[in-house]
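Presented below is the structure to which this report refers.
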Amino acid sequence: MILSDLLVGVNCLFDPDTTVRTIKAMKAALNNAGLSPYLMTQPNGFMCPGAGTQGYLSCPEFPYALEPRMVTRFDVHSYARAAHDLGVRYIGGCCGFEPYHIRAISEEVAEERGKLPPASKKHQPWGKCLERSHMDYVKKR
């Protein structure tokens, strides 16, 4: 096995922001060691800053009331861009991620991939669908 063919990453327990900070620190340590493995991130789908070493498992809402902590598709767009800009090429999600979150990842990196995901045919990211509203004040947003 060639060492450069390894995959290093962060999976679950922590929110997208913590995951990006962690992979950034890991990448710096790997670079200092002269290693350049593929990088992956799969955060959970809940915002849980300050949750401690057990991540979202230590949130008082766990396991039955995490909905208020759920990340939005816009949070996921930001996470995907930050991860991609760090060099992460396996960008995903774990517990709490829904299909629309995965679509948000794919839409965010669509330019780099050269295509939108098929699921975006009827979806306009970043609020473009508001233009079709029958309420003028919504159209102007």
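Quick reminder: no glycine exception, Cβ is built from N, Cα and C everywhere.
Copied from TrEMBL, the annotated features are:
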{"type": "BINDING", "residues": "CYS12, CYS94, CYS95", "note": "Zn(2+) binding site"}
{"type": "DOMAIN", "residues": "1-109", "note": "domain 'Hcy-binding'"}
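A 10 Å cutoff on Cβ-Cβ distances gives CYS12 (Zn(2+) binding site) a total of 17 other Cβ atoms nearby, all chains included. The Cβ of CYS95 (Zn(2+) binding site) lies under 8 Å from the Cβ of CYS12, ASN44, GLY45, PHE46, TYR56, each of these being in the same chain and 6 or more residues away along the sequence. The number of other Cβ atoms within 10 Å of the Cβ belonging to CYS94 (Zn(2+) binding site), over all protein chains shown, comes to 17. Under DSSP, the residues of the domain 'Hcy-binding' (1-109) split into helix, strand and coil as follows: 50 helix, 14 strand, 45 coil. Those same-chain residues not listed among CYS12, CYS94, CYS95 yet with C-beta within 8 angstroms of the centroid of the Zn(2+) site C-beta atoms are ASN11, LEU13, GLN42, PRO43, ASN44, GLY45, GLY93, GLY96, PHE97.
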